[in-house]
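S.K.: Would you mind keeping the following structure in view while I ask a few things?
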Amino acid sequence: MMPGSLRVDAARLYIFGLSGLAFALLGGWIYLFGVRFSWFALGMSAVLSIMCAVSRRFRLSFGRNEVEVGDVATLAALAVAGPVWALLVAAPAVLYRDRLRMLYEAATYIIILVAAGLALWLSGASSVMDAKPGPELAYGIFAAGAAYYSLDALINSLLARIKYGTPVVHTLRESMLPLIPSDIAAVITAAGVAYAVAVFGPATALVLFSGAFAALMTLHMIHERQRESEELREENRGLREANAVFAARLIETVGLRDGYTHRHAAAAAVYTEDVAREFGLEQEKVQALKTAALLQNVGLAGIPDEVLLSPPGKLNSLGKMQLEQHPMHGERLISGIPGLEEAAKWVRWHHERVDGSGYPDRIRGEWLPVEARILAATGLYAEMVLDGPHSPALPAQEARFRLTSEAGKGLDPEVVKVLLRVLDREDGNYATASDDRFAFPEPSEVRRDEKAG
């Protein structure tokens, strides 16, 4: 295996040899065909060169491919005015701070453009200005495009072989083959421009490229806005996941104090998710509602032990007021989580009742969102079937009876009907919140639910 220093020296020699060949080919072309000067060719090349320079700043990637206006402009200039003018168009693509890199790029462009010019000449004309619209013109441009991209791939693959030891076939397969669709698109576009110039005259090239350039810039701005929006969504998703995990840990902390709140949260989340699906809510709303059910009592974290651990019937007026404020505390905590602003309202109203007997806002009837009505029913059922700090668990049948008796009073009858339908489908362990589904979720599960939402 060749040492690294020898590979660098070999690559340098390869570039110098390539440069010698390139300038010999360019000199030969000028000697044989000359350079046809016209103000149109100069103006067109200058404008297209500026467009190419600007387009290097605004490349668009789609998967592994890039939209390259530079190649289209260079090929079109080649077809319209010849390889020498096409080199002027390609000039911005060879500008690099590293002089050796600049020499390599310049040599590569000279070789592939002269070769493409020869392919076009062999078709019967050295430029579109000498040709008439017809199949021969199309064949010539496609032959020029094939020479342009094939030689470019070969030159780059040989450099990779010399400098890094990468097999030529591997480079062609991994780096060049994926670009074939965009290369074909560039050749077809250049052929269309050239054909329009041959039919309608030289000014057509500038009109077409001005429109294409404006379209590219517009597409770039749209793409950038989409990318920025996606990055913002990812940042918000990460922040939402972290905050949701933090809130879940607060629930777990409250559960360590009363031995109950975290178990109630886990059970309510399962029942809520299944009822929301049965209602036909969208997946995003189902996940948000499940998260709200899991975090509905997060406001209890700020309630002192003498209130949290006392039976509700023994609380004085101050204690009752503090307890009834926990939905508002929960709303404040959750409303700061991006993407859960609406869910924070459901948390605020999870103790509301459709007959207006709930708290903290005494909302009644249709003024209470269906999501809050679902939380009210599933939360009450979970409370009845779990052992609490002040009351034992009820048998599933008795819990169902009490749930039914609340339908049309404190609970929405349609929500109760759906919850009972879900319970009928499941087994006894589900009805008593006693299988593995009802374990308090790990942080990874909370994150997964937030991603799903």
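Numbers run from 1 along the shown chain.
Glycine is treated like the rest: Cβ placed from N, Cα and C.
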S.K.: Could you check which of 107-125, 183-201 is flagged in TrEMBL as transmembrane segment?
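M.R.: It is 107-125 that TrEMBL describes as transmembrane segment.
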S.K.: What residues in the same chain, six or more past the boundaries of the transmembrane segment (137-155), come closer than 8 Å to it by Cβ-Cβ distance?
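M.R.: Residues 18, 75, 78-79, 108, 111-113, 115-120, 122-125, 128, 131, 168, 172, 176, 183, 186-187, 190-191, 194-195, 198.
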S.K.: Do you know the mean pLDDT across the domain 'HD-GYP' (239-435)?
M.R.: 90
S.K.: Please report, as numbers and ranges, the same-chain residues at least 6 past the borders of the transmembrane segment (12-32) whose CB is under 8 Å from any CB of it.
M.R.: 83-84, 87, 100, 103-104, 106-108, 110-111, 114-115, 117, 155, 158-159, 162
